[in-house]
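These features come from TrEMBL:
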- 1-47: region 'Disordered' (REGION)
- 38-47: compositional bias 'Polar residues' (COMPBIAS)
- 193-211: transmembrane segment (TRANSMEM)
- 231-259: transmembrane segment (TRANSMEM)
- 234-568: domain 'Ammonium transporter AmtB-like' (DOMAIN)
- 279-300: transmembrane segment (TRANSMEM)
- 312-332: transmembrane segment (TRANSMEM)
- 352-370: transmembrane segment (TRANSMEM)
- 390-407: transmembrane segment (TRANSMEM)
- 419-439: transmembrane segment (TRANSMEM)
- 451-471: transmembrane segment (TRANSMEM)
- 477-496: transmembrane segment (TRANSMEM)
- 508-530: transmembrane segment (TRANSMEM)
- 550-570: transmembrane segment (TRANSMEM)
Amino acid sequence: MTEEKKAAPDLPSASAEIKGQTAAPVSGTGTPDAAATSKEQAQSKIENSMDNIEIIQQTLESLRTEIDNSKEDATLNRSSMDTIKNGLEQIDTKLKEAYSGLDTSRNNITSNTTDIEKLKTDLLALSRDVRTNASDIYSQKSLIEGNATRLYEILITIADLTKQLETLQGSETKVADQKQEEQTTLMKSLNRLWTLLAIVLVFLTPLAYVLTSSREHYKPLPDGTPQHQGVLLVCLGAFLGYFLVGFGLMFGTSAGGWIGTSSYLLSNDVADPNQAPLFPFAEFVLYQAGFTMLATLIIYSAIGKQLSAASHLLLAAFVGIILVPVFGHWAWAGQFIPGNKGWLEAAGFMDAAGSTTIHSVAAWFAFVLVWKLGRQHTEQASATKANDDAAYSSSAVLFLWLSWLGFTTGTLPISGNQIGSTMLNVVLAAAAAGLVAFLHYSFFHTGKGMIARALGGFVTGLVAVAASAHSLLFMEALVVGISAGLIHNLAFSMLRKQFLTQAWQSRAAYLVAIHGVGGVWGSLCVALLGSEGMFAMPNVALLLYQLQGIAVGLVYSVVLAQAAWMLLAFRQRTPIVAN
């Protein structure tokens, strides 16, 4: 009995040991290593549970044996029996729990095993895919390396082709630039050649005056110098005066638009590099010298034998140094250096070939001197009885015709069609003026002056069309010529009746009518007929500018004629008396 009581307290400890050996359910993991570890833990717990079960079974057998012995002995008390009974119930409960945990562990092991097998299958598939992808990647790598090599070669080829293309483009651009430069050089050379040819034509003007002054009835100058030799003398004087002083005053840097201040005598070119001239210096000087000589010859021919050779030379120098350059600067300074304009040109006055700048200024200057000389002359022959000798001979008119082609086209570019149309306008205007002057005189007068009128009208047409020949249409040029022929006859008649009535003034009257009145009409035609379009409406604003230029030219010529008269009187120290 004592041994049974001692054995009963050991039962709870066994159940506690069994309870401590019971494992929680094992759940599956997401990775192969975790799944393997859970499987091992579950197997270990199962083995422990089996050992516990065996121990419990042994304990149960021992208890049953003791119970049987107790029954036999009949000495087991009721409390011991209850204790044993409770212990057995606890043991059964724990066994049930152990079996339940064991079943859960088995289920988890089965589930984990399935997951592990699935993971193993997936890993094998992934491994095969990785190997396949690795092989593909290696193949792609080889392809990429090959393509990279080929791409590098292509880039090198493209770079070489780019360099070659740039070289070809540079060569092409260089060839194009060279071609353009050659074309520009060629055009400049052709323009210079044309300017030189125009200079040759312009220098035919003195020859025309030589032919006119060499006629037999023309008396020599007071000092015995033949008049045709005086032509050469005044041309030389005017040319040298213009070259030494006049050109700088005319085309030098403008001082407020009134006078040029540069001298080209020492530099032989434009001193200021910022002022690029439109024409080469030498050619332009020669070309403009032709205009100056023309103005000088108009004055020389109008005065004729009334002054000595020395006086004519002094007048020629005055014309080349002061008369033409000062007014020329007002009206023409911008023709050599762009932007270097005189005040008349800046105001809007236009005079392409000198209808006012050369012809009118020279004619009004000559008119004042001839009129003053006439007041001191003793001849009283009436104009109606005097022999109205032509101002120009037929051969002289032909040379003037040629020289006018140079005057009107010398500065035009050879690349366009302006030169041909301008020349045609000059020819049309001159021919129409000469024919109308001839017909007008033959219809209303009888006598031997028809040819003289025709020749004078012809030159008047040249003078009138000079200012606008480059901008007229052919029909407009004919209108300019027709009106110029009529104006010549009317102006000559008025001058002979009212102002230049003496016989020796006949030639001066022709020259003033041709160059003075004809120049005025030519300057007006710039505004009346120079607008774009056939017989378009006149440009009123330009007409006002032209009238301003004409008036300024008239006043300027009269004032400088008075100054020249005083200069000649001071030289002789006695009143000038014509022989």
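Including glycine, each Cβ sits where the backbone N, Cα and C put it.
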Considering pairs 6 or more residues apart, do the transmembrane segment (477-496) and the transmembrane segment (419-439) have at least three CB pairs under 8 Å?
yes
Cβ contacts under 8 Å made by the transmembrane segment (312-332) with residues that lie 6+ beyond its boundaries:
221, 230, 233-242, 244-247, 249-252, 254, 257-260, 288, 291-292, 295-296, 299-300, 303, 342-345, 349, 351, 356-358, 361-362, 365, 549, 552-553, 556-557, 560, 564, 567-568, 571
Could you name the stretch, out of 193-211, 279-300, 352-370, 419-439, 451-471, with the greatest number of CB pairs under 8 A to the transmembrane segment (231-259)?
279-300
Considering pairs 6 or more residues apart, do the transmembrane segment (451-471) and the transmembrane segment (390-407) have at least three CB pairs under 8 Å?
yes
Top stretch among 193-211, 352-370, 508-530, 550-570 for CB pairs under 8 A with the transmembrane segment (279-300)?
193-211
May I ask which of the stretches 193-211, 390-407, 508-530 has the most CB pairs under 8 A with the transmembrane segment (550-570)?
508-530
Cβ under 8 Å, sequence separation of at least 6 from the ends of the transmembrane segment (390-407): give me the contacting residues as numbers and ranges.
197-205, 207-209, 211-212, 215, 290-291, 294, 301, 353-354, 423, 426-427, 430, 451-452, 455-456, 458-459, 462, 466, 507, 510-511, 514
